[in-house]
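Enquirer: Quick paste from TrEMBL:
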DOMAIN    5-341  domain 'Aminotransferase class V'
BINDING   ARG42  L-glutamate binding site
BINDING   ALA76, SER77, TRP102, THR152, ASP172, GLN195, ASN236, THR237  pyridoxal 5'-phosphate binding site
MOD_RES   LYS196  N6-(pyridoxal phosphate)lysine
Amino acid sequence: MVRAYNFNAGPAALPEEVLLKAQKEFLDFEGSHMSVMELSHRSKEYSRVHDRASALLRELMEIPEDYEVLFLQGGASLQFSMVPMNLLDKNLGASYILTGSWSEKALKEAKKVGPVEVAASTKESGYHAIPALADIQWKQETSYVHLTSNNTIYGTQWKEFPQTGHIPLITDMSSDILSKKIDVSRFGLIYAGAQKNLGPSGVTVVIIRKDLIKHDDSLPTMLSYDTHVNSRSLYNTPPTFAIYLLSLVLEWTKDHGGVSQIEKLNKEKSALIYNAIDESSGFYTGHADRDSRSDMNITFTLPSSELTKQFLQEAANEGFIGLSGHRSVGGCRASIYNAVPLEHCLTLAEFMKNFQKTNS
Ligand SMILES: *Cc1c(COP(=O)(O)O)cnc(C)c1O
């Protein structure tokens, strides 16, 4: 079977093995003579899928006991609102670190809920970098500090997170969750839309420390974490098929040695493409500063907009999908999430080298 060289930013490549397994079980899930999509979300069969997804995520990310795992809808974008609605104390305000468009959007929603401050921003320099830890300053008392761990559009990624002490650190991990080992206990809340590293679109994972879950009658029921915690993310009909695929992706991750193996592979994959950039004597220029480079989204341009256009055209002719940069940055972007095979990165790096040879 021919599979595309899929470098889409999201929704993105899924592991072929996962798709094959879903295909095999599509009409008859575990002897039920029904598709997973046709199961009641209150059935025993679906319940097992739901619990397996949660248990596997806990195991793979080593999520401590004092955290809840939720499967919600509305994408990471709804979390931009739910986080402040549930956690922003209006007397204290909240602190946001701006490293790209997604953190700007998170800030915009928080502003509607209560006072906010910008604890650091790299906007002035075109979001080429993650701020130095020493340059981040938040009010001594603030409801939380929010950051975006990987900037999907600009191609930058945090290597080390700020120490916030007793103040909850909240992170949008949509584009690098499960791509490397992280210490969950450093965070108050982690959220991620599934469609980059975890599965298809339609489900959003929230990992929240239990002491942050509060009951607030003034919140709409569906927008309160409390509701979803108390009903095991089954208050209303969850996106059952998306959660099923998530469970298959997590199984696949486990079968491939877990997060530490995936992390190792991700490093090799990104090195192939960054080397093609670094060894091009300036033919390719990376958008991100070296020490802020993302292992998930690699952003670069060529010497002229004509060459960039030609590169993208020839790449498309060769079967590469999704290499255009985001419209706000331009240039090129290769998104190489967990499910993108090493061989595809190797093929892209070779293509880049050949293109350079014939065009410089
Ligand atoms: C894709 C992405 C989002 C948006 O996710 P939706 O699920 O479409 O709302 C938010 N933040 C980051 C970092 C992303 O990469």
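Each position is counted from 1, following the chain as shown.
Even glycines carry a Cβ here, placed using N, Cα and C.
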Enquirer: Using a 10 Å radius around each Cβ and counting other Cβ atoms from all shown chains, which of the binding-site residues SER77, THR152, ASN236, THR237 yields the largest count?
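Expert: The residue with the densest Cβ neighbourhood is THR152.
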Enquirer: According to DSSP, collapsed to three classes, what secondary structure does TRP102 (pyridoxal 5'-phosphate binding site) have?
Expert: helix
Enquirer: With the Cβ under 6 Å from ligand 1 as the test, give me the qualifying entries from the binding-site residues ARG42, THR152, ASN236, THR237.
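Expert: Only THR152 meet the Cβ criterion.
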Enquirer: I need the CA-to-CA distance for THR237 (pyridoxal 5'-phosphate binding site) versus the residue listed as 'L-glutamate binding site', whole Å please.
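Expert: With distance taken Cα to Cα, the residue listed as 'L-glutamate binding site' is 9 Å from THR237 (pyridoxal 5'-phosphate binding site).
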Enquirer: Of these recorded positions, ARG42, LYS196, which scores lowest on Cβ atoms within 10 Å?
Expert: ARG42
Enquirer: Measure the Cβ-based neighbour count of ASP172 (pyridoxal 5'-phosphate binding site), defined as the other Cβ atoms within 10 Å of its Cβ.
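Expert: There are 28 of them.
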Enquirer: What Cα-Cα separation, expressed in whole Å, is found between THR152 (pyridoxal 5'-phosphate binding site) and the residue listed as 'L-glutamate binding site'?
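Expert: So the alpha carbons of THR152 (pyridoxal 5'-phosphate binding site) and the residue listed as 'L-glutamate binding site' sit roughly 36 Å from each other.
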Enquirer: Let me check the 10 A CB neighbour count of TRP102 (pyridoxal 5'-phosphate binding site). How many other CB atoms are there?
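Expert: So the number of other Cβ atoms within 10 Å of TRP102 (pyridoxal 5'-phosphate binding site) is 21.
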Enquirer: Including all protein chains displayed, how many Cβ atoms other than that of GLN195 (pyridoxal 5'-phosphate binding site) lie within 10 Å of its Cβ?
Expert: 24
Enquirer: If I take the Cα of the residue listed as 'N6-(pyridoxal phosphate)lysine' as reference, which of the binding-site residues ARG42, ALA76, TRP102, ASN236 has the closest Cα?
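Expert: Of all the candidates listed, ALA76 is nearest in space.
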Enquirer: Show which residues of the chain containing ALA76 (pyridoxal 5'-phosphate binding site), separated from it by at least 6 in sequence, have their CB under 8 Å from its CB.
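Expert: Correct list: TRP102, ASP172, SER174, TYR191, ALA192, GLY193, THR204.
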